[in-house]
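J.: The structure is given below, and queries will be raised subsequently.
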Amino acid sequence: MSDNDGKKTLGLGGSRPSNVKQSFSHGRTKNVVVETKRKRVVVPKPGAAKPTGGAGPIIGGDPSKRPAGISDVELERRMKALAMAKAREAEEQAKREAEEKERAAEREARRAEIEAKEAEDREREERAKAKAEEEERKRAAEAKAKAKASAPAAAPDAASVPGETAVSRPTSAPRKTDRDDQSRDKGGKAKPGRGDSDGRRSGKLTLNDAMAGREGGRQRSMAAMKRKQDRARAKAMGGSVEREKVFREVALPEAITVSELAIRMSERVADVVKALMTNGIMATQNQTIDADTAELIIEEFGHTVVRVSDADVEDVITKIEDDPKDLKPRPPIITIMGHVDHGKTSLLDAIRNAKVVAGEAGGITQHIGAYQVTTDSGAVLSFLDTPGHAAFTSMRSRGAQVTDIVVLVVAADDAVMPQTIEAINHAKAAKVPMIVAINKIDKPSANPDKVRTDLLQHEVIVEKMSGDVQDVEVSAMTGQGLDALLEAIALQAEILELKANPDRLAEGAVIEAQLDVGRGPVATVLIQNGTLRQGDIFVVGEQYGKVRALINDKGERVTEAGPAVPVEVLGLNGTPEAGDVLNVVETDAQAREIAEYREKAAKEKRAAAGAATTLEQLMANAKQNENVSELPVVVKADVQGSAEAIVQAMEKIGNEEVRVRVLHSGVGAITETDIGLAEASGAPVFGFNVRANASARNTANQKGVEIRYYSVIYDLVDDVKKAASGLLSAEIREKFIGYASIKEVFKVSNVGKVAGCIVTEGVARRSAGVRLLRDNVVIHEGTLKTLKRFKDEVAEVQSGQECGMAFENYDDIRPGDVIEIFEREEVERNL
Ligand code: GDP
């Protein structure tokens, strides 16, 4: 006890202290105060069996359970005792209940009393207030002063808590100083030489101990102290985690990675992996597990599961209906549809009043976009410049109903043709009103009335036939009737009463998207509601971004675009697809989350669709029509317009034996996803002015998927046509012999720009053809002017070696570009 003399020990309340003497080597001893906490007396809950009766039911209830060696008399006695105990218990229970009731009544009464008192107080206060108001200002001021005076009076009440701490402080403070003095004493004389070892053994480094240690002579190094402190801290922290484990509500999506699950539970990843392993699931931290598995783990850790749907992330896109008073009139959006060669492009061009380069042979329009015109009467009309029906339907299937009015072009010298009927059906399906433009009225062979009667058969009754569909005779060539057509559209728009709210976050539809060499991904968006501004954060399909710049249909930069205005949007992270809906959201994180969710969902959908194509559809087709086989293809192009044009052309190909089916078409480099899809259906992949990225190329080689590159639509279509009609003979085809990547670009006088390259694959050959690729998009095709290795002109450079290359008549080369080296050879066709 000598150690503890005058020293208070930290103790458990209500404990019985006792001393234990510990002896150490070298004759040292130490007294330790051991406290034994008295066991808490558990008051049996009302209704719970008494300890004495505890064994009763077992004995009495079932003779088979009766302990051996108990006589009947004994049993009877026990039963009696049990009955008595029960009776006593019931009595006690009743008594307890009565007491409880009494207490409750008392509590109730007290509460009522307090409430009454409070109400009285309040009333008094109110009365006082009213009085104060009644009296003059002066007296009010007096009352205030009184109130002020009463405030400190209330203080002692409130101070009761700090008072407690103030009381407890003196008890703890002297204790500290006591020990301080003692340790100093000890360090000084009582126990010479023990100051240090004491401190080391105490397991706790306090400031006092440290001080004592220093006084004691030997000084502990800073590092040692720090280590000790760290250890103590780690120990304390480790302990507290276990003691104060927080049980959380864990939001669980349909699938989750192991690491994300660990984060959401605030558990260590290693523990989660271990838990999975004990459940027989081997998963690394980056692996995704399904919700059911995750739920099991979450429950194992003691947390609660809150299942959330992934789709919830889309909820941030406000779907609030606009207040009718916020709505303002907006221009109509018009799509021109009709049979090939009936003059859609010509009409659009005529309306735009600008000469566009004469369309490609066969009427395939390579460019799509949109533009606005103003009629003579001042109405603004937005025209969609889409190549036929594929865009219209693909947009509709993606949920973007962009068109308000369809202008159905029918050539007066022709008649209603298959695609005219298709257009009518599309317009009807979309419930979009139609206006019939009877084109080529300038032609001598024009017979507009034949067109009108033909249309009757397809339930299109024009005004001239006493119907309600407006019809206008026009000539895209001479411009005749164009104004009448525009006025007819304006009139139709008026009837539709098109409105939108420009004062909300923008929503729009992508009508065209491409990977621009200089500007990155660019999307032409038609705003449908709200106003899109520079700097807005948006999600569009599976992509997201922040509006870096807006460019209108005249090529001018604008800062905002309102309803029905088409604009080019710059600042996307990737190329969206036509028909994708653009939504402005509040934060970058939201945009990214939505885009990622959509990408995942689309991937799953594509996988499912791929399977359906190969198994179900192909089988069904084979069964249905034994003679017709399908030629599935995957198409990737540099711009949406080309992709659409190719798809349209492909769909037209086919005879009695073969039909072409486009499994997927898109914009940008050929990726592994494309290869996967092609492989699943045994389809070739067509790249139009785009290339496969490295991983896609490897996968294609491994899986035997054919990738064919084209730069002329008609070559592509022609090849497919020939393949379809079984005319696959030997052909001249390109073979890639090498790739080189440009490291640096030098300017050399008399030569021009020279690319310092490294051959990354195959060989570079002077005589071969070359293409310049930027972001896997072909930007130039030609021949080499020079191929140099260390200043010498060489015929060939092998993979891994550096060389200098210059193009014949082409100078726009940049570091990072890739040069593709190819040769033409005769090969057997095997589409
Ligand atoms: P699309 O395939 O429907 O886009 O049709 P185009 O606009 O490419 O036109 C097909 C052909 O019809 C082109 O050769 C045009 O010159 C011609 N064409 C278009 N409109 C007229 C017109 O009003 N009068 C005459 N005479 N020819 C026209």
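Each residue's number is its place along the chain shown, starting with 1.
The backbone N, Cα and C atoms fix where each Cβ goes, and this holds for glycine too.
Quick caveat, the model's predicted, so the values are computed rather than measured.
Below, the features straight out of TrEMBL:
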- 338-345, 385-389, 439-442: GTP binding site (BINDING)
- 16-26: compositional bias 'Polar residues' (COMPBIAS)
- 43-52: compositional bias 'Low complexity' (COMPBIAS)
- 86-145: compositional bias 'Basic and acidic residues' (COMPBIAS)
- 148-159: compositional bias 'Low complexity' (COMPBIAS)
- 175-201: compositional bias 'Basic and acidic residues' (COMPBIAS)
- 329-497: domain 'Tr-type G' (DOMAIN)
- 1-72: region 'Disordered' (REGION)
- 84-223: region 'Disordered' (REGION)
J.: As a check: which entries in Asp341, Lys344, Ile441, the binding-site residues, place their Cβ less than 6 Å from an atom of ligand 1?
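T.: Only Asp341, Lys344 qualify.
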J.: With DSSP assignments reduced to helix, strand and coil, which class does Lys344 (GTP binding site) get?
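T.: The three-state answer is helix.
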J.: Quick one: average pLDDT across the domain 'Tr-type G' (329-497), no decimals.
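T.: Across the domain 'Tr-type G' (329-497), the average pLDDT comes out at 82.
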J.: Go through Gly338, Asp341, Lys344, the listed binding-site residues, and name the one with the sparsest Cβ surroundings, counting other Cβ atoms within 10 Å.
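T.: Fewest other Cβ atoms within 10 Å, among the binding-site residues Gly338, Asp341, Lys344, is found for Asp341.
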J.: Same-chain residues six or more away whose CB lies under 8 A from the CB of Ile441 (GTP binding site)?
T.: Ala412, Pro448, Glu473, Val474, Ser475, Gln480, Gly481
J.: With H, G and I counted as helix, E and B as strand and the rest as coil, say where DSSP puts Gly338 (GTP binding site).
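T.: The three-state answer is strand.
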